[in-house]
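Please read the structure below before turning to the comments.
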């Protein structure tokens, strides 16, 4: 035996790695690339990992992924896709209040259980009214009541099959001439459970199931398409009415109170106060205003990067905190204003403080890959907000274009001059609305096509689950418990270690992630 080898038992295991407290109390500002998590013991499969996380004090998601309120990232299409895959999207506010509220309404109407406020027409309405409703709402399975309003007697229903082959000159016909009459409809009585109603809908093979009371008055309706969505997207984020969850961004100015009212009417579940520096009297006053006027509406404050900033917003009553300043791929706040903080340090410091008050943290910015998501969650964040990682997906706003044979979509920071020129809301976010000379805190660029959210997000989910498996944790709750107890260990990486951890030593390679 070589003289340096020692024989004996395996009971001795040296202390290895650093605790999170040791890692982040060294005085250096760290980014996600500056450290690694040391692996643990595996006794379960990756698909057993539970990714359930708190977005706010009262909203829980099955997937810890959130899309950023940027005008090149999140409108209704993105918010719907994120909610269906278990996360949530925040509609940007670099637009008119009416446009933003309508985007929220599209999300809330996309999937429902009992629809208690459907589009309703009367027998004397015309075929062209159905086509207008279809263009406005995206569907045409419309119940017909004697007065054209909910709560009145059901007399029929109009579906696409009734109008598909009508000629232009027939668009002035009355609906009573072509609708499916009441006696031919399958209906369910008021008081039926959602499960029972879905079973009736399945057996009937109809597209819509009207719910009527003893007087045959319409009280609700259920759609077959929603039943199929419920089957296809088991992780979907929904409210108590079985509608998809949706968030929206607002500012902290007086005119944002009007925007807030429209969003509340549209059914928004949570608002994020969109500011690059959230520790301001303006945001504190807005938090108090919202909590007083809409006590059940969840409010996310931010952005913050220190415990001192977080304290003021927690005292004001926020339900969650958004953490990050200058770490986004299109953000130049740190470069231009010399303010901010490396993102990993910011997430750990704020999360460690906010957890004492039961306030979840959203890690916002600096996410370049699935490993960064796993690190943010391991440092105490409950969810991760993504901008560039979701930009250029099919569901992101904007049109694709080609450059040098590569398919791209535009992506810009909300602090870029490009975004500020589009709408005043971007200037408000950076306190620049009154400035004669605008100081850009972001840039405009382009991002390569990533395909659909419905393929990309499942890849992210699987990556997080495999990361938790390597750590030896069956849930994100366990990951954070291990981190705070000191059981989870970290290690700093030198620049050479970072090179070693990436692809190296190859003449050429193709990097396919999924």
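Cβ coordinates are placed from backbone N, Cα and C, and glycine is handled just like the others.
Marked as active site, thioimidate intermediate by Swiss-Prot: 331.
Swiss-Prot lists 274, 275, 276, 324, 325, 326 with the feature NAD(+) binding site. In three-state terms derived from DSSP, residue 324 (NAD(+) binding site) belongs to neither a helical nor a strand segment and is classed as coil. Around the Cβ of residue 324 (NAD(+) binding site), the same chain contributes 302, 303, 305, 343, 346, 347, 363, 364, 365, 366, 385, each under 8 angstroms and 6 or more positions distant in sequence.
Residues annotated as IMP binding site in Swiss-Prot: 329, 364, 365, 366, 387, 388, 411, 412, 413, 414, 415, 441. Around residue 411 (IMP binding site), a 10 Å sphere centred on its CB holds 24 further CB atoms from the protein chains shown.
The SUMO2 cross-link annotation in Swiss-Prot covers 195 (among others) and rests on similarity to another entry. Within 10 Å of the C-beta atom of residue 195 (SUMO2 cross-link) sit 7 other C-beta atoms, taking all shown protein chains into account.
Sequence annotations record features per position, and here Swiss-Prot assigns SUMO2 cross-link to 208 (among others) based on similarity to another entry. Sequence-distant neighbours of residue 208 (SUMO2 cross-link) (same chain, 6+ apart, CB under 8 A from its CB) are 141, 143, 157, 159, 221, 222, 223, 224.
The SUMO2 cross-link feature in Swiss-Prot is assigned to 438 (among others); the stated evidence is similarity to another entry.
Annotated domain 'CBS 1' per Swiss-Prot: 114-173, in sequence order, evidence recorded as sequence analysis. Mean predicted confidence for the domain 'CBS 1' (114-173): the pLDDT average there is 81.
Secondary structure at residue 122 (phosphoserine), as computed by DSSP, is coil. According to Swiss-Prot, the feature phosphoserine maps to 122 (among others).
In three-state terms derived from DSSP, residue 160 (phosphoserine) belongs to a helical segment. Here Swiss-Prot flags 160 (among others) as phosphoserine, drawing on similarity to another entry.
In the three-state DSSP reading, residue 400 (phosphotyrosine) counts as coil. Among the features that Swiss-Prot reports, phosphotyrosine is placed at 400.
Residues or ranges marked as phosphoserine by Swiss-Prot on the basis of a large-scale study or a structure entry: 416 (among others).
Per Swiss-Prot, the feature N6-acetyllysine maps to 511; the stated evidence is similarity to another entry.
When the Cα atoms are compared, residue 276 (NAD(+) binding site) and residue 400 (phosphotyrosine) turn out to be 29 Å apart. Counting every protein chain shown, the number of other Cβ atoms lying within 10 Å of the Cβ of residue 275 (NAD(+) binding site) is 23. Note: the Cα of residue 195 (SUMO2 cross-link) and the Cα of residue 160 (phosphoserine) are spaced 26 Å from each other. Cα spacing between residue 325 (NAD(+) binding site) and residue 400 (phosphotyrosine): 29 Å, rounded to the nearest whole number.
The shortest Cα-Cα distance from residue 411 (IMP binding site) to any of the recorded positions (122, 160, 331) is found for 331.
A distance of 50 Å separates the Cα atom of residue 326 (NAD(+) binding site) from that of residue 160 (phosphoserine). Rounded to a whole number, the C-alpha distance linking residue 274 (NAD(+) binding site) with residue 387 (IMP binding site) is 14 angstrom.
Closest to residue 331 (active site, thioimidate intermediate) in space, going by CA atoms and restricting to the recorded positions 160, 275, 387, 400, is 387.
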